[in-house]
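As annotated by TrEMBL, domain 'Amino acid transporter transmembrane' applies to 94-205, 270-534. What TrEMBL records for 96-116, 122-142, 175-195, 268-284, 291-315, 335-357, 369-390, 415-435, 455-476, 482-506, 518-537 is transmembrane segment.
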Amino acid sequence: LRVFLSSLSFPSFRPFHVEPTNIVSVNDDTQRVTDEASAMNKRIHYYSRLTSPADRALIAPDHVLPAPDEIYVYSPLGTAFKVDSCTDGYGKNSSLVTIFMIWNTMMGTSILSIPWGIKQAGFTSGIILILLMGILTLYCCYRVVKSRQMIPLTDTSNWEFPDICKYYFGSFGQWSSLLFSMVSLVGAMVVYWVLMSNFLFNTGKFIYNFVHDINVTDIVPGTNGSNKVICPSAASDHPPQNMTVMFSSGNRTGFELFEEWWDKSKTVPFYLVAVLLPLLNLKSPSFFAKFNVLGTVSVVYLVFLVTVKAAHLGIHLEFNWFTQNEFFVPEFRILFPQLTGVLTLAFFIHNCVITLLQNNRNQENNVRDLSIAYFLVGLTYLYVGVIIFASFPSPPLSKECIEQNFLDNFPSDDIMSFVARIFLLFQMMTVYPLLGYLARVQLLRQFFGNAYPSLFHVLILNLAIVGAGVAMARFYPNIGGIIRYSGATCGLAFVFVYPSLIYMISLHRAGQLTWPTLIIHIFIILLGLANLIAQFLL
């Protein structure tokens, strides 16, 4: 869903348009340079189809073939990194950069819900499911990469997976791929809105209490000490007025007024509209891409936070294989599909993996680099999920208290959690306009032939997207549920059904389809369908 940012290897955005026909070899004696220029031509042709000629957000710069001493690679969130030692001087990425780009693309908001997913599935089954879903989605991703090579055409180098779906399934493949792409994209934007509301609320609460020197001891159960862990779900049925407030300065009236106007679900989601809706209506979001290195910083900081918290809290595990007690959950639970739904989106990269890998310098290493990237992603999810689950203090709290956003288990006055929320809030506020831009490009260009037909069209689309985010933040602020529903829905198409069907069709046309291959891939399709159905039953 961030393909237009995750795959570019252009040096930087510049406000000059260069026609693909102007790209020529800089060394007529080297056939390799000519090949690289041709490949860059094709990539520019593909990205030029995503926007109108007047929209320069994806226009290639005037120095498309960068000099060997100044090579930049765009991260999945659009930030340019200088990688002199990692490229060959002609825009191709080393395996190290390719692996990092894939890892960084997949590491998103799902990481906040992995501990909750493990709790829903059970500790042992959660670990097993993370490993199995990683392997299964890797295989399906491998099938996506190979699908383009199995098309008997001379030139498919500028094709993406939706183009492949259109080739095999006609207009149905084109429109269905657009539909499922929009599901994943709008689902991500809704999750972002819920999380931004959460982070903004806790950040504002921390700042207000700190400035006014207010110590609030509310009814939320939690541990004592400097590394406090709370259980917000245990206090959901209590009236909000049951709290003790100690005022060192100011007055009670000001605090009560703040509590009334600074509410996580009733007011804060609406405040974000004033900031983000105007940004969504901008024609080009390229300015915000400069800040998205915070995505990588945020993930690294979350890993650091988890490690520090676990070192202070210790390990709290008790293995109950099928029975549940007051403080621990069984190792195997019937709710495990909730974790598989989250993992489907957590390992989702299938609609842009072709672009990421086509910039790899050594194409013969694509399978190896993709496998390493998936291994690192799975390892990161396992580390965060297992450490948070294992270190959650049970007793005195039950493992059932683990929230869908594990940062909610730390109070708003926790310094490390405050820093994490600040990082994530700013990062998401800069990514959100980029996601909105991609939604506009995909949808409006399909219907009107222009990514920006008029301010009215763009405003209506953005109001619908923002309205969905506000409604969810107001009435259903459960990011784990939103992630698993959207992940299972878009994953059904892009992870399970399309890669398997395309592989079977291509083998059938070549006369190489066997019964074992047919049975295995039909089983994969059925797994994806069962994964989607289970989200609505459990």
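Cβ atoms here come from the backbone N, Cα and C positions, even for glycine.
All TrEMBL annotations are machine predictions without curation.
What you see is a predicted model, and the numbers here were worked out from it, not measured in a lab.
Between the transmembrane segment (122-142) and the transmembrane segment (369-390) there are 3 or more Cβ pairs closer than 8 Å, counting only residues 6 or more apart in sequence, so the two stretches are in contact.
Shown for the domain 'Amino acid transporter transmembrane' (94-205): DSSP residue counts in helix, strand and coil, namely 97 helix, 0 strand, 15 coil. Contact between the transmembrane segment (291-315) and the transmembrane segment (369-390) is present: at least three CB pairs lie under 8 Å, with pairs separated by 6 or more positions in sequence.
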